[in-house]
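S.K.: Shown below is the structure under consideration.
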Amino acid sequence: MTEADGRHGLTVLGATGSIGTSTLDLVRRNPDTFKVVALTAHSRILELAEAAREFNAELAVTSDPARYQDLKAALEGSGIEVAAGPEAVVEAARRPSARTVMAAIVGAAGLAPTLAAVARGARVALANKECLVCAGDLMTAAVADSGAVLLPVDSEHNAIFQVFDDERREGIEKIILTASGGPFRRTALEDMRAVTPEQAVAHPNWSMGAKISVDSASMMNKGLELIEAHHLFAMPESRIDILVHPQSVIHSMVAYVDGSVLAQLGCPDMRTPIAYALAWPARMKAPVERLDLGKIATLSFEAPDLVRFPALRLAREALRQGGGAPTILNAANEVAVAAFLGRRIGFLDIAAVVDATLARLDPKAPASIDEVIGLDAAARRTAEDLLGSVVAAQ
Ligand SMILES: NC(=O)c1ccc[n+]([C@@H]2O[C@H](COP(=O)([O-])OP(=O)(O)OC[C@H]3O[C@@H](n4cnc5c(N)ncnc54)[C@H](OP(=O)(O)O)[C@@H]3O)[C@@H](O)[C@H]2O)c1
């Protein structure tokens, strides 16, 4: 829905994060185009309140009920509505005056609000890959029911979306997801055992939140993206390749039956795919460095190493197995990444915990969102228990 003043209503879920602040940076540069409806965050209350005041949001929500009073105090006298708790985040996503919802909460916590936006038929700019990974079939069915539009924000999926001829799908042979390889692309397996959270979050090309940075370092991020691509583009796992491309200039490719390969290129800056999703089907200016291929000179490619990066194999197997396996994979990974960031387990233990959690649970397909939430919770409990044995074994 377009605002009465002619501006495009926008809600940002996860407004204080890396994607959320990049989105608001574009909104700041286009004040006549976008009207901020609701902003949500979890812990960074002062940043949330500051953004809500700057963009004159109608509503500011923290998903943490314990932070309600802090947010209320920070917005005292502003006239901005304040709410707290996971249900309030879902309500924010439901606000009809936002034609577009940027889904940029990290992890499975983004599932319920993203689904709420989908259910009301909004345009959903989807950064939160975890919700497609843990509930892909239900999400795509909800999109088909409501007529919502999913606009991929993940740079790889955004690239594919730009070059994927959906009207003539029979001409498409496969998708090629590119991967930077992360900070440990050249690190020996023995040395990966001792890497610290600081080393893991220091991505060579992209500036991102902590969880996705660790996922990039383990290459679980590419595994999650494989599952995301399967759901977004209705492509079987066997027709999605992964190719390491360290410069992160080609963001992904689509190969056609006549031998043509179409790619989208750009400097690694998330404001390009965010701008594409916000303006789609038009284009808007983004203040990003322009690509100078002459200066870059060389683009290189290599096959991923499935021995040093077992997360890729686990994600492929989970997708092949189907049912609840991707939900279990995602939940166990979230628990393991948090434990790694909290220095409770080592880097290589992340994939070990995910593998062991998958082996312990029945991956029966969840038939409803409640069943997804139940399976996610069971996988989290199992992964937490397994963390104990990983620590005990060290
Ligand atoms: N960053 C990237 O370049 C990038 C690229 C592609 C895809 N993505 C995807 O985009 C999503 C966001 O990534 P990010 O890097 O922007 O993450 P981030 O910087 O960690 O930000 C996460 C956002 O989610 C909020 N949040 C955290 N826990 C929450 C909870 N339990 N309930 C509700 N909100 C919660 C955070 O609030 P507080 O900060 O206030 O706690 C913050 O606003 C992820 O799914 C990621 O995979 C990111």
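The backbone N, Cα and C atoms fix where each Cβ goes, and this holds for glycine too.
Okay, so TrEMBL annotates it like this:
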DOMAIN    10-136  domain '1-deoxy-D-xylulose 5-phosphate reductoisomerase N-terminal'
BINDING   THR16, GLY17, SER18, ILE19, ASN128, GLU130, GLY209  NADPH binding site
BINDING   LYS129, SER155, GLU156, SER180, HIS203, SER216, ASN221, LYS222, GLU225  1-deoxy-D-xylulose 5-phosphate binding site
DOMAIN    150-233  domain '1-deoxy-D-xylulose 5-phosphate reductoisomerase C-terminal'
BINDING   ASP154, GLU156, GLU225  Mn(2+) binding site
DOMAIN    265-381  domain 'DXP reductoisomerase C-terminal'
S.K.: Run through ASP154, GLU156, HIS203, ASN221 for me and report the binding-site residues whose CA is within 10 Å of the CA of ASN128 (NADPH binding site), in sequence order.
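M.R.: ASP154, listed in sequence order.
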S.K.: Can you give me the Cα-Cα distance between SER18 (NADPH binding site) and ASN221 (1-deoxy-D-xylulose 5-phosphate binding site) in Å, rounded to a whole number?
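M.R.: That comes out at 16 Å between the alpha carbons.
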S.K.: Give me the long-range Cβ neighbours of ILE19 (NADPH binding site): same chain, 6+ apart, Cβ under 8 Å, in sequence order.
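M.R.: Result: MET102, ALA104, ALA127, VAL153, GLY209, MET270, ILE274.
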S.K.: When DSSP states are folded down to helix, strand and coil, where does ASP154 (Mn(2+) binding site) land?
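M.R.: Assignment for ASP154 (Mn(2+) binding site) reads coil.
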S.K.: Centre the Cβ atoms of ASP154, GLU156, GLU225, go out 8 Å, and tell me which other residues of that chain have a Cβ in range of the Mn(2+) site.
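M.R.: Near the Mn(2+) site, beyond ASP154, GLU156, GLU225, sit LYS129, PRO152, SER155, HIS157, ASN158, LEU177, ASN221, LYS222, GLU228, ALA229, SER252.
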S.K.: Measuring Cβ to any atom of ligand 1 with a strict under-6 Å cutoff, which of the binding-site residues THR16, ASP154, HIS203, ASN221 qualify?
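M.R.: Checking each Cβ against ligand 1, the ones under 6 Å are THR16, ASP154.
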S.K.: State the Cα to Cα distance, in Å, between GLU156 (1-deoxy-D-xylulose 5-phosphate binding site) and GLU130 (NADPH binding site), rounded to an integer.
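M.R.: Cα to Cα, GLU156 (1-deoxy-D-xylulose 5-phosphate binding site) and GLU130 (NADPH binding site) are separated by 15 Å.
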S.K.: Ranking the binding-site residues THR16, SER18, ASN128 by other Cβ atoms within 10 Å, which is at the bottom?
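M.R.: Among the binding-site residues THR16, SER18, ASN128, the sparsest Cβ neighbourhood within 10 Å belongs to SER18.
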S.K.: Please compare the binding-site residues LYS129, HIS203 by how many other CB atoms fall within 10 Å of each one's CB, and tell me which has the fewest.
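M.R.: If we count Cβ atoms within 10 Å for the binding-site residues LYS129, HIS203, the smallest count is at HIS203.
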S.K.: Please report how many Å separate the Cα atom of ASN221 (1-deoxy-D-xylulose 5-phosphate binding site) from that of GLY17 (NADPH binding site), as a whole number.
M.R.: 17
S.K.: Treating G and I as helix alongside H, and B as strand alongside E, what does DSSP give for the domain '1-deoxy-D-xylulose 5-phosphate reductoisomerase N-terminal' (10-136) in helix, strand and coil?
M.R.: 61 helix, 28 strand, 38 coil
S.K.: With LYS129 (1-deoxy-D-xylulose 5-phosphate binding site) as the reference Cα, tell me which of the binding-site residues THR16, GLY17, ASP154 is the closest one.
M.R.: ASP154
S.K.: Across the listed NADPH-binding residues, THR16, GLY17, SER18, ILE19, ASN128, GLU130, GLY209, what is the farthest Cα to Cα distance, given in whole Å?
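M.R.: Taking every pair of listed residues, the largest Cα separation comes to 18 Å.
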S.K.: Which binding-site residues are spatial neighbours of GLU130 (NADPH binding site) here, meaning Cα within 10 Å, out of ASP154, HIS203, GLU225?
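M.R.: For GLU130 (NADPH binding site), the binding-site residues whose Cα atoms are within 10 Å come to GLU225.
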S.K.: Please report how many Å separate the Cα atom of GLY17 (NADPH binding site) from that of GLU225 (1-deoxy-D-xylulose 5-phosphate binding site), as a whole number.
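M.R.: The Cα atom of GLY17 (NADPH binding site) is 19 Å away from the Cα atom of GLU225 (1-deoxy-D-xylulose 5-phosphate binding site).
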